[in-house]
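Taken straight from TrEMBL:
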type     : residues : note
ACT_SITE : HIS143   : active site, proton acceptor
COMPBIAS : 103-121  : compositional bias 'Basic and acidic residues'
DOMAIN   : 74-295   : domain 'DNA/RNA non-specific endonuclease/pyrophosphatase/phosphodiesterase'
REGION   : 93-121   : region 'Disordered'
Amino acid sequence: MLSPLHLAVFASGAAIGAGSAAFYASQTNKKDNLAVALPQPASTPTIPTKSTSIHTPQDVIKFGFPGPIADLVRREAYFTAYDRSKRHPAWTAQHLTPASLARDPKAPNSDRKNSQFKEDNNIPDTFRARLSTYFRSGYDRGHLVPAADAKSSQNAMDETFYLTNIAPQVGPGFNREYWAYVETFCRNLTREFGHVYIFTLPLYLPARDLEGKWRVSYPVLGDPTNGAPTISVPTHFAKVIMTSKDDSHRDLSMASFVLPNQAIDERVPLTHFLQSTDVVERAAGVTLFNDAVKKSANDLCKRTKCEAVVRKFDQFGKQIAGK
């Protein structure tokens, strides 16, 4: 479970605020051909605090305060902020250590084969993601916090299968391959660093259309004409990683990766998807770490080799479980 001490790194932020990868064999120094607009870092504007209205807040919000936009849910192995509009997480937060990734001797048989995807009854019915919406949608139910990160108990693993930890992901070439390789990379960091903190965020990034205009375009799962809740399909997913050698958190390293939600050739290096954390924060509308933390952190990819760890032997299980 995430302890108050280890939540200190997350406590500095995590406040809710508002294509195709080219084959690396032929384009070793190029980015994706699809033009995607990533927001540029900028200083946060000052919000006026002086009221210019003659009305008091009680007068204006007389019949109820709108919201919440997101539901914060605490699990045994992670936190998730569930986006009621998109019906998938706005972000998830987790803390990995060698101990957290080990199976508890008292529960040595924790296995994802014993877990099932399930709706989260903590979410009001109107805003709840449905299993039926994913059925035959053509998309995988993609974990933001992977089951393999929650081996400490069967309950911890089961909790990763709540739809409040799931977003639609392309299966072949992404959820079942490249995305899984990135998850393995994150786990392997615990061998070198004592603590690994991870934010995973779905993103909706604009792309230039044939007329040269920038648009955000994405599918939704479900049929809105029958009144059923739809689930939005993110255009991208981000992994923001902070590592620390020990509990003091004096030696921090950080890296952020933004991956398109589509099949990615395994020969494309993970560093191809590096972005600044400021860019991810602006795209997601959240503050993950305060400026002091970001400025003090080293470049993770200069401290260790950032590479997607290709694992062929467990792809079959991923293919079955992801559907």
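Cβ atoms are placed via backbone N, Cα and C, with glycine included.
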Neighbourhood of HIS143 (active site, proton acceptor) by C-beta distance under 8 A, where only residues 6 or more apart in the same chain count: THR160, PHE161, ASN165, ILE166
Chain residues outside the compositional bias 'Basic and acidic residues' (103-121) and at least six past its termini with a C-beta under 8 angstroms from it: 73, 82, 128-131, 134, 141, 147-148, 151-154, 156-158, 160-164, 166, 317, 321
The domain 'DNA/RNA non-specific endonuclease/pyrophosphatase/phosphodiesterase' (74-295) [mean pLDDT, rounded to integer]: 96
Helix, strand and coil residues within the region 'Disordered' (93-121) as assigned by DSSP: 3 helix, 5 strand, 21 coil
